[in-house]
């Protein structure tokens, strides 16, 4: 199975299944001498961890990460960092009824078409449980970017269903279970989630992720443009069906005179481009949005087929998120951090000696 690695100089390879013994990853390219402990990674893992509120899956995994290699006396050695998280709360019996049935909207059908078999327990490798290791690896990147370059990465929920959320106060994001920056909408979100749980249904969401302090110059035209790699990374997250950079699809309704980010002696006057021009960072905030579909793991009966091609009706059992967009926030932050870390190392490798007289803001 290919496709388990992302990055060139900062490389992350993950392994493991939803109901396997453990999840793990190998992180290559981390510079030596960086102070690193398991506690540095645990904060973001706790933000993503299931079973932390009544709005998410009640699968209760502690998600305690173990550093197996690449760290000595509390600092990175420059060698491969091995990370492991044990699975402790599997209920594989919840999935015995779907052994020979393809859940509509899931990867069951496509995995079996591709590999000729599938791990039906919680989706196996296709489960979003895999993203725990992305968050652990991303925490390493976030720490390096913040401490060495002052780059801050943060994300939030900006829409759930038909409820738009304004980024009014970033401090609110960590104070509620929705990662919501708009305190005025918390009651509406709560009401929607209660209704969904009662109906046994789910809802889609929009997540925004932003990086500030990113220097100008990151990105490798033409095929490894920074925005292309960010889109690739975010699209690789489970349930993501669309990615926008900056204004995204809103540019369709704009004129060139409105969309261009004019420049004065004081700097850029707008950021419709989302901090990336020609595939290279401009020094402005990098802004990306992603749309997540409503999960198909619901108790509303639906039509499907079994392995013999017979039509059957099914209800998905197990413990699932009514809105997967909530826990996607720390995952999006991690993927953006991984891409920026990789591009920063690549930029330094080729262009460390480049000096320009062009203003930077």
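The backbone N, Cα and C atoms fix where each Cβ goes, and this holds for glycine too.
If you look up Swiss-Prot, you'll see 48, 54 marked as NADP(+) binding site, on the strength of sequence analysis. In the three-state DSSP scheme, residue 48 (NADP(+) binding site) falls into the helix class. A 10 Å cutoff on Cβ-Cβ distances gives residue 48 (NADP(+) binding site) a total of 24 other Cβ atoms nearby, all chains included.
Cβ neighbour count for residue 293 (FMN binding site): 17 (other Cβ atoms within 10 Å of its Cβ, all protein chains included). Residues or ranges marked as FMN binding site in Swiss-Prot: 125, 126, 127, 238, 239, 278, 293, 294, 295, 296, 297, 319.
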How big is the gap, in Å, between the Cα of residue 293 (FMN binding site) and that of residue 48 (NADP(+) binding site), rounded to a whole number?
18
Between residue 239 (FMN binding site) and residue 48 (NADP(+) binding site), the C-alpha gap once rounded to whole angstrom:
15
Have a look at the binding-site residues (127, 295) and report the one with the fewest Cβ neighbours inside 10 Å.
127
Roughly how many angstrom lie between the C-alpha atoms of residue 54 (NADP(+) binding site) and residue 125 (FMN binding site)?
25
Taking DSSP three-state, what's residue 127 (FMN binding site) in: helix, strand or coil?
coil
